[in-house]
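The L-aspartate binding site annotation in Swiss-Prot covers GLU173, ARG219, HIS446, ARG489. According to Swiss-Prot, the feature region 'Aspartate' maps to 197-200. The annotation ATP binding site is assigned in Swiss-Prot to ARG219, ASP220, GLU221, GLN228, GLU482, GLY534, LEU535, ASP536, ARG537 on the grounds of sequence analysis.
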Amino acid sequence: MKRTNYAGRTSEEQIGQEVVVKGWVAKRRNLGGLIFIDLWDREGIVQLVFNEEEDQAAFEVANQARNQYILEARGLVRARAEVNPDIATGKIEIEVKEAKILAKSQTPPFEVQDDVDASEDLRLKYRYVDLRRPKMMNYLKLRSKVTSIVHNYFDNNDFLDVETPELTRSTPEGARDYIVPSRVYPGHFYALPQSPQLFKQLLMAAGVDKYYQIAKCFRDEDLRGDRQPEFTQIDTEMSFAEPEEIQAMAEGLIKRVMKEAVGVDVPTPFPRMEWQEAMDKYGSDKPDTRFDMLIQDVSDLVKDSSFKVFSATVADGNFVRAIVVPGGADKYSRKDITKKEDYIKRYGAKGLAWVKVTEEGYNGPVAKFLNDDANALNERLSAKVGDLVLFVAGSFHVVCDSLGYLRESIAKELDLIDENKFNYLWVINWPMFEYDEGFGKWIAAHHPFTMLNEDDLKYLEEGEDPHQAHAQSYDIVLNGNEIGGGSIRIHDPEVQEKVFKALGYTKEAAQARFGFLIKALENGMPPEGGMAFGLDRWVMLLAHADSIRDVIAFPKNSKAVEPLTAAPGTVDDEQLEVLHLNVEEAPKEAE
């Protein structure tokens, strides 16, 4: 039988017509002489009705069918006696005249329904079953819709879709590369790209002018949160473009995706916020602007405080900053606040000072030190009776990171965030360099090919401090999540050489690693820039999904393992031999 339409697309317009549908048994109810089956396919569910008196053969097929069996059924569409408002086909059903079991199924490892009681690893092991759950299939359909819009948008704006290599040279961009040994050249290795960054710059040197690609990227980094070792980005580059042109291009794409894929109109242009303001007010370079509770500096008000933690911090050139939790005095106990204090110690905070605002003044561990300054503090902070005020003292990043975390975690706990909002924001004027505590050195805040602000080029000269420089870079933020970023690129080989030097590369090391780019810069590289969107994270936010893994068909788990195929796995000795590799067994941990 040839399928006439998707089960989930069967409609009232087909009442009285004969249709053929095929799909999985989502539910089966045997009422004696009648059997009802909910047949599912990617478009939804339709109810099949099998009547023993009307068609014995079809009824017997339904009698043998079980959950997740695959059926094909031919029958007449008719109106349902009782409408089911929970499904799109709830006004009709199919009276089956002929049916056949196309495939049987073992008992599923978990219920194939949206509210599933199963571990994530079990779901990933049977991902092909997990994806039959309606919301999971809807995530894939949304992702497909977004990528379709992306292709159409860039095609209509004169961009060329150009593929770049996935086997290339190792040029680490902050994270570790995944390396691939060469059989032909023993001891030599390819690397999987962390991004198409260098190749898209070379495409601009080639005269492509406007490039885009939906690209796979790979980073061998320690997993945290929702990060994946392989991920997908919407990559773009434009020659002879100013930052405003690139941002307008991105806003046009976002506006169209929001309208066509999500049904939401977002106003453009998006707000712009300088990196410094984002850090000062939100404690984050990806601020969530859906709620207030802004960070405020009170260093000048407490510099002479009898509370030595505050006064000594300010005397050392550091900061005392605070947030006000509206109505928090009754909502957070001393025990609750201590838990918050313990958490922010991971950011380097020495402690968390707090007071509750009462009619009589401040109440709390440091109240006796601050009551003399209460009026000035309350005026600065707009604190009212019943509020909780949290203070952190320390260096710029300690204070920002700690209060940024407190701001976001408390907003979630107090339900201060409107989850239906989509607040897009540009964060601009980033520092060119940042100090990485893990690596113990200065690194590029975005990447080493980012062009500095024209006024800051002087900081690359001998005797100047390059770490004061700011870059022509910009991130696009949605609801406190970075979903993309970009910059104007360096097109002058002399400037590029100075940036490499500021990052600690010798001339020889820079030539060995990036010689091909330097050569391109010396052979007619146009002024250019671009950006990239993280497709996985963007779709996750549009779908209101719980995890980035929900919007990827076959993701890795939080340990970078794919339970379905048990990757990564071992290979046999013959494969290692032809690659001229030996594997040394890692020593066991001491017990």
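Cβ coordinates come from backbone N, Cα and C, glycine included.
Positions of Swiss-Prot features highlighted on the structure.
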residue : record                   : Cβ within 10 Å
ARG219  : L-aspartate binding site : 21
GLU221  : ATP binding site         : 12
HIS446  : L-aspartate binding site : 23
GLU482  : ATP binding site         : 16
ARG489  : L-aspartate binding site : 23
LEU535  : ATP binding site         : 23
ARG537  : ATP binding site         : 22
Maximal Cα-Cα distance (Å) across residues annotated as binding ATP, namely ARG219, ASP220, GLU221, GLN228, GLU482, GLY534, LEU535, ASP536, ARG537: 20
Between GLU482 (ATP binding site) and ARG489 (L-aspartate binding site): CA-CA distance (Å): 20
Overall pLDDT of the region 'Aspartate' (197-200), taken as the mean: 96
Rounded Cα-Cα span from LEU535 (ATP binding site) to HIS446 (L-aspartate binding site), Å: 18
Alpha-carbon spacing, GLU482 (ATP binding site) to ARG219 (L-aspartate binding site), which is rounded to whole Å: 17
Structural state of ARG537 (ATP binding site), classified by DSSP into three states: helix
Local backbone state of ARG489 (L-aspartate binding site), from DSSP in three classes: strand
